[in-house]
Each structure stands twice: as C-alpha cells, then as structure tokens.
Amino acid sequence: MRTLLVDNYDSFTYNLFHYLSRANGREPEVIRNDDPAWRPGLLDAFDNVVLSPGPGTPHRPADFGLCARIAEEGRLPVLGVCLGHQGMALAHGARVGRAPEPRHGRTSAVRHDGTGLFEGLPQPLEVVRYHSLAVTELPPELEATAWSEDGVLMALRHRTLPLWGVQFHPESIGTQDGHRLLANFRDLTERHGRTRHGGRAGHGTLPPPAPARETKATTGTPRRLRVIAKSLPTRWDAEVAFDSLFRTGDHPFWLDSSRPGGELGQLSMMGDASGPLARTAKADVHAGTVTVRADGASSTVESAFLTWLENDLAGLRTEVPELPFAFALGWVGCLGYELKAECDGDAAHRSPDPDAVLVFADRALVLDHRTRTTYLLALVEDDAEAEARAWLAAASATLDAVAGREPEPCPEAPVCTTGPVELRHDRDGYLKLIDVCQQEIAAGETYEVCLTNMAEADTDLTPWAAYRALRRVSPAPFAAFLDFGPMAVLSSSPERFLRIDRHGRMESKPIKGTRPRGATPQEDAALVRALATCEKDRAENLMIVDLVRHDLGRCAEVGSVVADPVFQVETYATVHQLVSTVTARLREDSSPVAAVRAAFPGGSMTGAPKIRTMQIIDRLEGGPRGVYSGAIGYFSLTGAVDLSIVIRTVVLSGGRLRYGVGGAVIALSDPADEFEETAVKAAPLLRLLDTAFPGRERPGKDLDGEPDDGTDAGAPKDLVLPG
C-alpha cells in the first residue's frame with residue numbers, strides 16, 4: 001500500500017508515519033503542505049493519502065496548503081485527521097467553527113456507526129482529542145459517522161467519494177485501537193481498487209523527507225584516536241576531586257549526579273579543556289558561524305552548529321576499551337534554546353551568551369556511584385601515549401592525596417552583593433501573557449504553550465561558591481557546573497532530554513506535573529494521588545509524550561517507538577513528579593546528532609505543535625531564553641549521547657544572574673496558579689539568594705513542602721547561603 005502523508009507542520013505526524021507503516025507493510029511518503037516539489041500529477045504514484053493534524057484553521061490557506069486541492073478533488077482515498085478532517089469537510093461544503101470547549105490531550109468516549117473506519121472497533125471507543133475547532137454543520141453529501149459524549153462530530157465520510165475524516169487522533173497512545181482504524185482505512189482503499197503493486201511509492205519523484213532520511217555525515221580520511229583508561233576504588237569526595245583536578249583549568253565542566261541513587265544518579269563526569277587534544281566550540285546562530293579554539297588559536301567557520309558537530313564526529317575513528325558506561329570522552333557542554341533556529345525554529349532573539357558551547361574533552365574523570373569506582377580517561381592520537389599515561393599517573397596521585405578529605409565548609413558570610421531580583425514580565429504582565437496563550441489555544445493555533453519568565457539580578461556571585469551551595473539545597477540527578485569563560489552555568493535539573501546509547505537505543509523522560517512533598521505521610525500520599533489523577537496534569541503529560549514519540553520517530557526504526565511506562569509518579573527528596581518514558585531505536589541511515597536535531601528543543605519546554613508554538617513563544621516572551629530550556633550533556637566518541645533539559649538553572653554572565661522559570665499553559669490552566677508554579681520552581685534560586693519571589697501574592701510551599709517565605713529552611717544547618 002502506497003500512502004502519501006501530508007504534514008501540516010504538526011508534532012504528531014511521525015506517529016501517524018509509524019502507524020501507517022505497520023498497517024500498510026511499508027513506509028508512507030511524507031511531504032509538508034507547502035512542498036515546492038509537489039504537483040498534482042504525482043498523486044498517480046499513490047494508493048491513498050492521509051492529511052495530518054496541524055495548528056491553525058482550514059479557512060487559512062497557509063495552514064492547509066496543498067491539502068485543500070487533494071481534499072477537494074477526491075481522486076483517490078483520503079483520510080483527514082483533525083485539521084485534515086476539518087479541511088476536507090470545508091472543501092465539500094461543511095461549516096467549521098469553534099467547538100463548545102477546547103479539548104487537548106483529553107479522552108472522550110466516542111459512539112460510532114460500526115462501519116468503514118470503525119468496523120470491528122469497540123463501542124464506545126475511547127479516543128484522545130486535540131482540537132479547538134470542529135465541523136459544526138454538514139452538507140447532504142457528507143455523512144456523520146461518530147460523535148463524542150458532548151455532542152461534537154468526531155468522524156464523517158463522503159457519500160459518493162472515497163473520503164473519510166476523524167476529529168480525534170488515532171495515533172495518540174491514549175486512543176484505543178488506533179492501529180486498527182488505520183488498517184480499516186487500508187482495507188477501504190483496497191475495496192476502492194486503488195492498490196498498486198511494486199516498490200515504495202514516490203521513488204525518484206519526491207525528495208526524501210528530512211530528517212528521517214538524513215544520512216550520516218561523510219568526511220575525508222578519518223582521524224584515528226584511542227582512549228586509555230585507569231580504574232581506582234573511590235576514596236574521595238566528588239566535590240573535592242573536581243576542585244583538585246579541574247576547577248581552575250580551562251573551561252572546567254562537571255556533569256554532577258549530586259543526587260546519587262537509582263538509575264539516573266549512577267554516574268558523574270568531570271574534566272576541562274587543558275589536554276593536548278582539547279578544543280572548544282562556540283555557536284553564533286545569527287551569524288551562522290562556529291568558532292573553534294585549539295592549541296591557543298581560534299578559527300571561525302561558516303556552518304550551522306549541529307551540522308558542524310556531526311561532521312566533526314564523523315571525522316573521528318576512536319578505539320575505546322571495554323567500559324561499563326557510554327561516556328568515553330568527546331564533546332561536553334550546553335546547547336542554548338536559540339539553537340532552535342537550526343531545528344525548524346526562527347532566529348527571533350539574540351542571546352547575550354553563545355548559542356552553544358562544547359568542550360572536546362581529551363581528559364576526564366568518571367565516578368560510578370553505584371560501584372564506588374573512579375575511572376580516569378585520556379585520549380591519544382597514533383602512538384603518542386606517554387603524555388596521557390603521565391597524566392593518568394599524576395591524576396591518580398592527586399586523588400590519593402585528597403582521599404578521605406571532606407569538602408571545605410560553605411562560606412559562613414555572604415560572599416557577594418546581589419541586587420533585587422526582577423522578572424522580565426511582572427505578575428500582571430505574565431498573567432496577560434497566559435491569557436493570550438489561552439486565546440491562541442481557543443483559536444486552534446496551539447494545544448499547549450510552555451510559557452516562561454526570566455528572573456534576573458546584578459551580582460558579583462562567584463560561580464564555584466554558588467554551585468557548591470546550590471548542589472546542597474537542590475541536589476539533582478542531572479546537576480551540572482560549566483565554568484565557560486565569561487559564562488557559568490549552574491544546573492540542578494531533574495529531567496532527561498535524550499539519551500542514545502552506543503547501540504542506537506534512544507530514551508527520553510519528559511516531566512509534566514509536579515507536587516511538593518507532604519509534611520506527613522498522610523499528606524504525602526494524598527499529594528501522590530492528586531497528581532496521579534489530575535486531568536490537567538495528565539493532559540499536559542500526554543501532549544508532550546505524543547510530541548516526543550513524534551520527535552524520536554523522525555529518526556527511529558519503524559515500529560520501535562514505545563511509550564512505557566507513562567504517567568508514573570516518581571518521588572524525589574523534595575517533589576513528586578509525573579514522568580513518562582519514551583524509547584526508540586535509531587535508524588541505520590541516521591545519526592545521534594540528527595536525532596538530537598529532530599527533537600530539539602525538548603518538547604516539555606515548547607509545547608505542541610512545536611513549530612507554531614515556538615513562534616507564539618517568540619512573540620510573547622519578547623527575549624531570548626539563552627541556555628535555559630536548552631540541553632546540557634555530552635556527545636561521546638562511542639556515538640552515545642546523554643543530555644538533560646536545562647531547568648532549575650542559574651546562568652552567570654557579565655555581572656548578571658539569570659534564572660528561567662515557567663510552566664505549561666493549556667485550556668484548563670488557572671492563570672494565578674500558573675504564576676504560582678513559576679514561583680515554586682524558583683525555589684533553588686530563592687534559597688541561594690535568601691530572597692522572595694517578586695510579585696508573589698500568597699504564601700506557598702516551595703519544592704520540598706516547607707513554607708516558601710524567602711528563608712533557607714531545609715538547607716543544611718552548617719550552610720550559610722551566599723548573597
């Protein structure tokens with residue numbers, strides 16, 4: 001079965017791609033609704049067409065594009081999903097307007113006629129809806145075939161042409177028997193007599209879609225490197241080890257599982273750019289350049305940063321010893337949110353800091369907290385390993401010298417002068433932005449907007465002193481300290497963006513939904529139940545899970561994308577969080593960097609559909625996010641990648657402190673609660689500065705359930721917070 005899948009710039013299209021591949025036995029051809037290579041005669045190469053969901057309205061030609069003509073002509077079987085359904089109905093005389101209420105990421109029990117698309121499906125059918133508009137009136141030639149419990153038309157068919165539409169999303173993980181519905185569309189196509197035999201449709205007629213078909217970068221003769229390693233029993237504190245080996249070096253970094261325990265807190269990595277093969281790379285998205293420094297000299301090349309990174313990694317062939325972890329040196333650092341301009345986003349705002357900074361680490365230390373083993377790693381080229389082995393010996397001696405040493409006490413008096421904390425958008429301004437978000441949702445422009453604010457202050461805070469305090473008051477499995485010249489990043493992130501192991505197994509763990517810990521076991525249990533059953537939190541989480549499935553699916557082997565477990569309440573020292581896990585397997589013809597490009601920025605920091613929602617965010621937030629909302633982690637020489645989402649993170653640069661906070665705005669959101677959520681998420685900063693959140697009108701609990709009154713309650717008793 002040859003299917004043309006037209007993408008209306010949605011964030012669920014590749015979920016349809018994988019479902020259709022399973023139903024048809026071959027992959028559909030994907031084009032966007034404004035594909036310049038498209039011409040109507042190309043339809044003859046296909047058996048049927050699926051018109052994807054998408055933002056906007058079918059009344060706006062730019063939102064529906066070439067789908068309008070395909071739907072109007074009805075030359076071959078067409079299935080419209082959500083926007084595709086609305087546009088197809090509009091093309092044949094139906095009316096499309098506002099639904100009684102926006103419903104995004106919410107389930108409904110749909111009653112149907114049991115024929116056509118619904119043959120053999122349960123009655124009623126549980127489906128997931130993502131829509132603000134609906135078909136409100138049908139002409140005689142269109143027939144309704146399904147309805148929701150609130151009376152909204154959920155499916156239709158044309159009485160004489162092979163056209164079908166569904167308002168709900170069969171590709172959502174929350175929709176019952178979505179695969180079966182698409183298989184029924186395949187069967188309807190076969191009955192219509194459109195089935196063609198032979199190879200994949202569209203071969204030689206349309207350019208391959210990107211990035212799902214993006215091939216690995218090719219270079220000239222690869223540079224051959226080798227990793228040598230030394231393991232030692234851990235007898236030293238991680239903070240002491242970093243302070244002794246790397247802190248005063250060039251571009252020191254520490255990927256710090258400051259909350260060891262469990263799978264997410266097993267490893268910490270630290271290093272710098274002091275070795276003989278070390279390099280640094282910085283991106284400037286607006287200039288379209290990458291500046292690389294090596295051996296004391298800098299050079300600037302014109303290139304998109306992720307393209308440059310992929311080519312650089314493709315030009316290395318590294319022999320790696322057997323190690324019990326994926327990190328074996330490579331590029332370490334941060335990708336800023338404005339790098340979205342290379343990932344279907346716009347270059348709307350210029351960040352005051354580099355759009356990405358990575359260190360090519362040729363020397364590093366890895367701490368395995370589970371086995372209490374330390375690994376020293378060094379990179380050598382050709383047979384020149386004497387210097388590397390000398391470093392291994394020197395590092396071992398330094399560690400031996402600090403074995404058993406406790407970290408220095410944090411300062412007993414303020415170590416900085418910090419001005420008042422100011423918000424980019426004060427409380428009234430932020431509430432107005434939330435209202436605009438909900439207007440956009442009601443108009444069908446977006447399902448969910450991850451709106452953020454930026455807290456800023458003048459400060460002379462010392463990065464190392466501040467990070468030492470931060471990791472005590474807000475330990476996290478994905479904490480990080482990056483002291484990269486004029487910019488320092490101090491992160492206490494709990495969220496994994498994307499991990500890819502050396503065998504191509506991918507994993508993302510989006511978080512949507514947070515509650516503080518209770519003061520008593522009874523209150524704690526009640527908070528867990530409330531989080532697990534809250535319709536708003538589940539809707540937020542489901543939307544991002546479906547988006548992440550799409551993002552990973554763009555570079556994944558067909559049928560390998562799995563969301564399991566979902567909607568799990570994970571309990572940490574300070575919070576309960578609603579977490580889902582999405583896994584997939586990287587395609588043979590793709591690459592780890594391509595997978596990062598396809599998923600960046602993380603959907604939990606944008607909302608959905610991602611591209612349209614990022615445009616809304618650009619307009620409303622009125623400034624750059626910088627490192628906040630980007631990613632921190634590594635691209636290993638083994639091909640492995642592990643990146644966190646940059647949240648709960650302090651950025652110090654140019655005598656200024658910045659700390660981003662935000663939350664997902666959906667139709668069910670209460671604006672006052674959304675502002676309060678930003679205050680709750682600022683708890684690590686508030687403790688660090690011993691201050692209150694600007695504009696907060698009511699007292700609340702911070703992230704560990706203690707009263708958030710600007711004090712340092714809950715901090716270690718021997719700690720006096722700087723500033």
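Placement of Cβ uses the backbone N, Cα and C atoms for every residue, glycine included.
What Swiss-Prot annotates here:
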type	residues	note
ACT_SITE	Cys82	active site, nucleophile
ACT_SITE	His169	active site
ACT_SITE	Glu171	active site
COMPBIAS	98-114	compositional bias 'Basic and acidic residues'
COMPBIAS	695-704	compositional bias 'Basic and acidic residues'
DOMAIN	2-195	domain 'Glutamine amidotransferase type-1'
REGION	96-117	region 'Disordered'
REGION	192-219	region 'Disordered'
REGION	255-723	region 'PABB component'
REGION	693-723	region 'Disordered'
Chain residues in Cβ proximity to the region 'Disordered' (96-117) (below 8 Å; excluding those fewer than six residues from its ends, i.e. six or more beyond): 57-59, 79, 86, 89-90, 123-136, 145-152, 154-155, 157, 164, 166, 168, 174, 181, 184-185, 188, 441-442, 447-448, 535, 538-543, 546, 666-667
DSSP-assigned states of the compositional bias 'Basic and acidic residues' (98-114) in counts, ordered helix, strand, coil: 0 helix, 15 strand, 2 coil
Arithmetic mean of per-residue pLDDT over the region 'PABB component' (255-723): 91
Other CB atoms within 10 A, centred on His169 (active site): 24
